[in-house]
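Asker: Handing you this structure, nothing more for now.
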């Protein structure tokens with residue numbers, strides 16, 4: 001084969017290589033074009049407004065929902081600073097926030113606890129939730145903003161708050177109206193038992209005692225229901241509290257029962273300072289100690305409070321030498337009005353442990369029990385160590 005033939009073959013090979021590369025390029029371009037069209041279709045059917053902004057804060061892309069939310073035509077937004085969609089009073093600060101975001105770009109999810117508002121073309125404002133996602137493109141860094149109108153959500157929240165306030169007023173009025181006659185029933189039943197006992201036979205005296213105890217039980221039930229309603233309705237006060245002071249106050253409140261039943265209470269360690277609601281923590285310890293005393297048939301009831309630290313949590317335990325709890329019912333006892341014993345055997349409303357569970361969970365912890373019949377019970381609960389030192 002002479003040089004001319006070799007050159008011809010090389011030329012044909014190069015032409016074939018160029019043809020294949022051109023075909024690959026056309027296929028790649030077609031793939032990119034299809035992907036772009038698919039992306040564009042997804043943008044247009046998205047239920048939220050989508051706005052893409054460059055590093056200088058200029059709008060480079062908007063979808064149909066963004067046009068609808070803000071009342072602008074697409075052409076009116078492209079190339080404009082994003083601050084055109086921000087209420088005027090926030091625009092100056094927004095520029096700084098935007099620049100800071102570009103220095104440390106990060107994904108910010110929808111509903112990140114910020115109170116945000118958008119501004120329409122007509123100047124009206126509406127509440128929004130916005131997620132931010134940084135991306136890199138051939139044209140440089142971009143930020144994808146997804147904007148959601150939460151006007152309906154805010155309206156529903158306001159209505160819910162109003163209903164809660166109405167319910168709060170109703171509960172307090174009803175509880176007051178119930179407590180007043182109950183106090184009267186309890187007082188007059190006491191007068192009958194003390195001043196007219198000699199006029200009653202045994203059955204009559206039993207009826208009077210039953211009347212008095214029923215009034216007390218109903219009063220306790222109203223108290224527990226109000227407590228549970230309060231902790232379910234209101235966010236706990238988050239403040240640093242010394243649990244030693246809380247515990248001492250509870251011991252003082254229960255001092256008569258503790259002395260009467262000769263209860264021995266020991267603490268292996270000083271209790272920590274935690275971030276939680278002081279009133280609720282007092283209610284927690286009061287319920288746990290009261291149960292440990294109540295469900296105890298020992299001649300000398302013993303209660304031991306212990307504390308451990310593990311993996312960012314404080315682990316508390318309240319151990320007693322009481323009657324114990326069958327493992328089959330240990331999850332059940334944390335339900336509202338769950339009772340394992342008849343009222344005649346052990347008094348109570350059955351709401352105490354449900355209150356404890358709600359208190360602990362609101363503080364970010366857990367509560368459970370380990371027990372066996374006749375071997376006492378140990379109630380465990382955890383509280384986060386965060387910001388508690």
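Just so it is clear, glycine is given a Cβ too, placed from its N, Cα and C backbone atoms.
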Asker: If you check TrEMBL, which stretch out of 1-35, 36-70 is marked coiled coil?
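Answerer: The range carrying the coiled coil annotation in TrEMBL is 1-35.
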Asker: From the DSSP assignment alone, can you count helix, strand and coil residues within the domain 'PAS' (35-88)?
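Answerer: Going by DSSP assignments, the domain 'PAS' (35-88) contains 27 helix, 12 strand, 15 coil.
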Asker: Within this structure, do the domain 'PAS' (35-88) and the domain 'PAC' (112-162) have 3 or more Cβ pairs under 8 angstroms, counting pairs 6 or more apart in sequence?
Answerer: yes
Asker: Based on DSSP, tally up the residues of the domain 'PAC' (112-162) by helix, strand and coil.
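Answerer: Secondary-structure composition of the domain 'PAC' (112-162): 12 helix, 27 strand, 12 coil.
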